[in-house]
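Peer 1: One structure, as structure tokens, below. Some questions next.
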Amino acid sequence: MSSTPSAEGGPVPALELSDVTVRFGGITALSEVGLAVRPGSVHGVIGPNGAGKTTLFNVACGFVTPDTGRIVREGTVLDKLAPHQLAGLSMARTLQGLGLFDRITVLDNVVVGADRHARSGFLGSLLALPRAGREEKALRERARAVLAELHIEQYADRYPTSLPYPVRKRVALARALAAEPTLLLLDEPASGLSSAEMDELGDLVTSLGSRMSVMLVEHHMDLVMRVCDEITVLDFGKVIAHGTPDEVRNDPAVLAAYLGDEVTH
Amino acid sequence: MNRFLDVWRHSVLGRHLLTALIGLAVVVVVLESVGDFRALQLAAMAYLGIAAGGLTVLTGINGQISLGHGALMAFGAYTTALLLDDPTSSMPISLVVLASTAVALLVGTAVGVAAARLHGPYLAGATLALAIAVPGIALYFGSFLGGEQGLRVSLPDVPVWALDLEYLLTGTEMSRSQYVAYLGWITLIVTFVLLANLARGRVGRRWRAVRDDEVSAELAGIQLGRARISAFMVSAAAAGAAGSVLAITARLAAPSGFTIVLSLTLLTAVVLGGLGYLSGALIGAGLLTFLPPFVTRIGGDAGLSDIRAAELAPLVYGLVMVLVILLAPAGLVGTTRMSLAGRRARRQMAAAGAAGATTGSPGTTAPHDSSDEHDPGTPQASGSTTPKGSTR
């Protein structure tokens, strides 16, 4: 069942994982998993609890080094991937726990996301050179634009801890978008949101698909089925199905994996 | 006046330089109106302030703790003493301070590389070892570094241009104590402008990001090790400059001046003033310099014996510390700023609420906000929006 989707002469995938195996001690978290995120598509990864979705995500962004397997980003093989290299590869990721910088303002949080576009070095900051100043201004404008796009510009000068959870969630997304990635990894973007907020999120993710490739891990089946172009289903660390939402929905293996499993919404 | 406001609002460097100029004017006025004794006290405040400023960058902005900054000051002080051991030496004093800064920077780089791999109590322990070990170096190389007695610093004559300038401005002679105080405060102003530039720029933002969330900082492309080491280097350089001013002020570099007590004093200054605020570091340094003698004098005036009066100082000092931690947990400057910011946010929210009520709700896509009543800094506790699953 461990199929590696081949490129079959199509466009180069935004991200391709092949034969990825991860063991934690005696437990095999992922076993020969493969998937390819087509450029400009929204690729969902679903599966019951403990299926290895988050581990797969962590492999994709360098938090976990797989025991075997290859990670290929736009045709380039990434041997050793460290998290800080992600931004340079035009990849951005949101975290389940948000990981906002709590003691700087919302605007500064988003500016940190845009930081990869900055060039100025230590001397630029030390002497507050005009060039560094102009660059800072440009970063802040970019960050404000992203805040406006997500309709949270009114919170720019607030601190994250003073904001309600859905707003903080948007701040985390804004920080990732400010990097202007070509591949965006979303880790459970809908958790903790009301159904109205989830609808908005769905529209947003769909619209992002025209600007970048998106890979997302999500529990909420409604959302996944609505926004994803392709879905990979994991169970016990293995790929059990792969295809369009309709194909996956009717796949007997998927139904079996989810049968009895509590699926909210 | 408009031009002035423009510079203030739009240029970071302009704002810092204007503040520096105002600071310099205050320094001149104060130093011209005090005697030699006060001038030396102010010089002591300056070196504590410089070192505390460097430490507040490290601890407040980058989140690393150091119990070893006194030891880094020792490197600066001994460099100054070695360069100024000859009264006829013609090396300009600014070069001496710079060289001392450079030596502490080198040592700080080595320590910083090790520190970047350590966290919390381990980092505290490692830097504590530095604070304890470094005075021993002076004893071990006693013939070169003067052993227990330390090295005497022979201050070169006050430069002629400084004497001339002083005479032109006030018609008086500049005393050596005044000269030393000017040297300390000019060093402080230069250091603070550079530190403030760093704190406001890209470098400072990266330091804060690393402090607040390492994983997110890495995902934004920041290399944690580099950010930590650069913060340590900067604060070590400030400690070196402070050590140099200390040696010049005390006319001595001796191991007894750089014990763990000095490192703890610096940390106290930073905490009293407010972590991460340069102005807080300065206020903390001022408190530590002037509170003990002030309390001792009050004790003496109240009829206590000299010993009793001297015992009063640590007591009051401890009480102030406890009071600040209880009443202003973010430090004097930090707590003031936070309450001002909270008031401003509430006012803005009230104004926005009033405007919203008259014009109607704009659009449907705005997130559902029920946070009007929250101050920045208070954990959000809105019933309908309780976070779920905030594990990572």
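Heads up, the Cβ atoms here are built off N, Cα and C, so glycines get one too.
What TrEMBL lists as transmembrane segment is B:12-31, B:37-58, B:65-84, B:90-115, B:122-142, B:179-199, B:229-248, B:277-295, B:315-340. The feature region 'Disordered' is assigned by TrEMBL to B:351-392. What TrEMBL lists as compositional bias 'Low complexity' is B:351-366. Per TrEMBL, compositional bias 'Polar residues' is recorded for B:379-392.
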Peer 1: Please work out which recorded stretch in B:37-58, B:65-84, B:122-142, B:179-199, B:229-248 has the most C-beta pairs separated by under 8 angstroms from the transmembrane segment (B:90-115)?
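Peer 2: Looking at each of B:37-58, B:65-84, B:122-142, B:179-199, B:229-248 in turn, the most contacts to the transmembrane segment (B:90-115) are made by B:229-248.
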Peer 1: Which sequence positions outside the transmembrane segment (B:277-295), separated from its termini by at least 6 residues, show Cβ-Cβ distances below 8 Å to it?
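Peer 2: 41-42, 44-46, 48-49, 52-53, 55-56, 60, 188, 192, 195-196, 199, 265, 268-271, 312-314, 316-317, 320, 331-334, 337.
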Peer 1: Among B:37-58, B:65-84, B:179-199, which stretch has the most Cβ pairs under 8 Å to the transmembrane segment (B:229-248)?
Peer 2: B:65-84
Peer 1: Can you work out which residues elsewhere in the same chain, 6+ from the ends of the transmembrane segment (B:37-58), have a Cβ less than 8 Å from its Cβ atoms?
Peer 2: 30-31, 64, 66, 69, 73, 175, 177-178, 180-181, 183-185, 187-188, 191-192, 195, 198-199, 207, 231-232, 234-239, 241-243, 245-246, 248-249, 265-267, 269-270, 273, 275-278, 280-282, 284-286, 288-290, 293
